[in-house]
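Taken from Swiss-Prot as is:
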- ASP367: active site, proton acceptor (ACT_SITE)
- GLN241, ASP315, ASP349, ALA350: S-methyl-5'-thioadenosine binding site (BINDING)
- HIS271, ASP295: spermidine binding site (BINDING)
- 211-446: domain 'PABS' (DOMAIN)
- 198-453: region 'Spermidine synthase' (REGION)
- 9-29: transmembrane segment (TRANSMEM)
- 40-60: transmembrane segment (TRANSMEM)
- 77-97: transmembrane segment (TRANSMEM)
- 102-122: transmembrane segment (TRANSMEM)
- 139-159: transmembrane segment (TRANSMEM)
- 169-189: transmembrane segment (TRANSMEM)
Amino acid sequence: MIHRAPLHLLYLNVLVIATCGLIYELLAGTLASYLLGDSVTQFSLIIGVYLSALGFGAWLSQYVTTKLARVFIEVELALALLGGFSTPLLFLAFPMIEWFQWLLFGSVIVIGTLVGLELPLLMRILKEHLEFEELISRVLAFDYLGALFASLLFPIFLVPRLGLNRTAIVFGLLNALVGLWGTYLLRPLLAKKGLDGLRGRAFLVIGLLIAGFIKADSITSLAEENTLGGRIVYADTSPYQRIAVTRNEKGFQLYLNGHLQFNSVDEYRYHEALVHPVMSVCKDARRVLVLGGGDGLAVREILRYDHVESVTLVDLDPAMTRLATQFEPLAELNGRSLERDRVTVVHRDAFLWVGEGDEQFDAVVIDFPDPGNYSIGKLYSSRFYNLLRERMTEDAGLAIQCTSPLVAPKSYWCILRTMQASGFDVTPYHAPVPTFGIWGFALARIAEDPESDSDWRLPPELSAKVAGLRYLTPSTMAGLFDLPADQQPRDVPPNRLNDQILVRFYDEEWGQNQ
């Protein structure tokens, strides 16, 4: 017989196991998005498979006819081990196993099945002590409350503070503690024989998870080094992304969510090609806007022009600009550009920021990550470009990176078509960057009328006001605008906010080249 006080403690168990269950689901979805890309597809698949596994676990519970309390505790301990170590082990397995997705979804099915077993078993344990209506209402209320806790804790505290690996281990520990606690709360329902062994296994699982928590940083570094192919020298997890910097004998590399952003060996080619064409067109630009580019490297190039009075950099993630100022190798590489008096840093979603203000700029440089998901894809939409157009002066120019026109031609030309549909005259150009291959850019200005100034479409002459470039020369600048036959325009529709075809193009084209 379970007394009234332990009954209330069992409700707390419901709250804990519900929170743990949703956290495991969120971890799987986040991990899949981080490693495989396309967050909408990955989360949709994870949620669907996980919910199906919950149902399968609930169905299986009918075949547990005896020793309910013992089976419940065994399930908690199994879930503690599998759920707690699932994320670290999947991180380690990713670069080594070709059939990683099968392993990922297999773990989701097993964890979901175990979670699906928990509540039916606990409800059957409680049914002898509560009326049916009271049992259902209380258990489900605590179950949904646990889901609320999980959904709030995960993005606000757990991922930014603990990271994915430690979050998984912490909730594995909670499951193990529920199991250990159950050996005392449910003592009247447990046979004395084997009880010490059950508690011993619970302590063993807790010990393993504590050891895993202590070594979580080492596990994370090993997994990322295997995935990224270099020694991790800096890592940070923000509410928006995972930031990692690797180093090899040639230099250091920045990765965001596992995707390479630049290599210090040849980043100057990319950033000179991004910045100097538009600054050569906007010869006397005084106010310059940089969207993205929190590494400070594009700003470094803009500050070469003495006539620039102010640079406003808008980057969503403070962790990125903190890296640019506090990680000494990057601070040296960007010339401490973000610390200059002429530079103002704004931490804001660029989509919202562009739509809220009215200050206008003489030149705009856009250095967003590639449109690999819908949250970034909105920054390449016609709606965004329409808003941005209102923040540009009449003679302003705009430069944007547009992924590779060779590897992803539909993605590249979709970006340009979107800008044209938003009222810009657009000129394509490209540059060879050894780390990335052929990389695409676009130079644009507001179209005044269908018969736009033809001089705009001519290759701009490299400004005589800039010095110290390592890549661009007057003849090199002209060559950027000479597209070969295999990079000619494609007939693709524009990218709209409510139909982000660009993200699908990008996933399709880059997925084929992985």
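In case you wondered, yes, glycine gets a Cβ from its N, Cα and C as well.
Spacing of ASP295 (spermidine binding site) relative to GLN241 (S-methyl-5'-thioadenosine binding site) is 14 Å (Cα to Cα, whole number). A Cβ distance under 8 Å defines the sequence-distant neighbours of the transmembrane segment (77-97), meaning residues of its chain 6+ beyond its ends; these are 20, 24, 27-28, 31, 35, 103-104, 107, 110-111, 114-115, 118, 164-165, 167-169, 171-176, 179, 201-202, 205-206, 208-209, 212, 216, 219-220, 222-224, 226-227. For ALA350 (S-methyl-5'-thioadenosine binding site), the same-chain residues 6+ apart in sequence whose C-beta sits under 8 angstroms from its C-beta are LEU291, GLY292, VAL314, ASP315, LEU316, PHE368, LEU379, PHE384. Using a Cβ-Cβ cut-off under 8 Å and counting only residues 6 or more beyond its ends in the same chain, the transmembrane segment (9-29) has close neighbours at 2, 39, 42-43, 46-47, 50, 54, 76, 79, 83, 86-87, 104, 107-108, 111-112, 115, 118-119, 122, 125-126, 138-139, 142-147, 149-151, 153-154, 158, 164, 167-168, 171, 174-175, 178, 181-182, 185. Here the transmembrane segment (40-60) has Cβ contacts under 8 Å with residues 21, 25, 28-29, 32-33, 105, 108-120, 373-374, 507 of the same chain, all six or more residues outside its ends. Checked against HIS271 (spermidine binding site), the recorded positions GLN241, ASP349, ASP367 differ in C-alpha distance, with ASP367 being the nearest. Annotation for GLN241 (S-methyl-5'-thioadenosine binding site): spatial neighbours LEU256, ASN257, ASP317, ALA319, MET320, criterion Cβ-Cβ under 8 Å with sequence separation of six or more. According to its DSSP assignment, ASP315 (S-methyl-5'-thioadenosine binding site) is coil. Least packed by the Cβ count within 10 Å, out of the binding-site residues ASP295, ASP315, ASP349, is ASP349. The number of other CB atoms found within 10 A of the CB of HIS271 (spermidine binding site), across every protein chain shown, is 25. Under DSSP, ASP349 (S-methyl-5'-thioadenosine binding site) is assigned to coil, being neither helix nor strand in the three-state scheme. Put simply, ASP367 (active site, proton acceptor) is 14 Å from ASP349 (S-methyl-5'-thioadenosine binding site) when counted between their Cα atoms.
Take the mean position of the Cβ atoms of GLN241, ASP315, ASP349, ALA350, the recorded S-methyl-5'-thioadenosine site; other residues of that chain with a Cβ within 8 Å of it are TYR240, GLY292, GLY294, VAL314, LEU316, ASP317, MET320, HIS347, ARG348.
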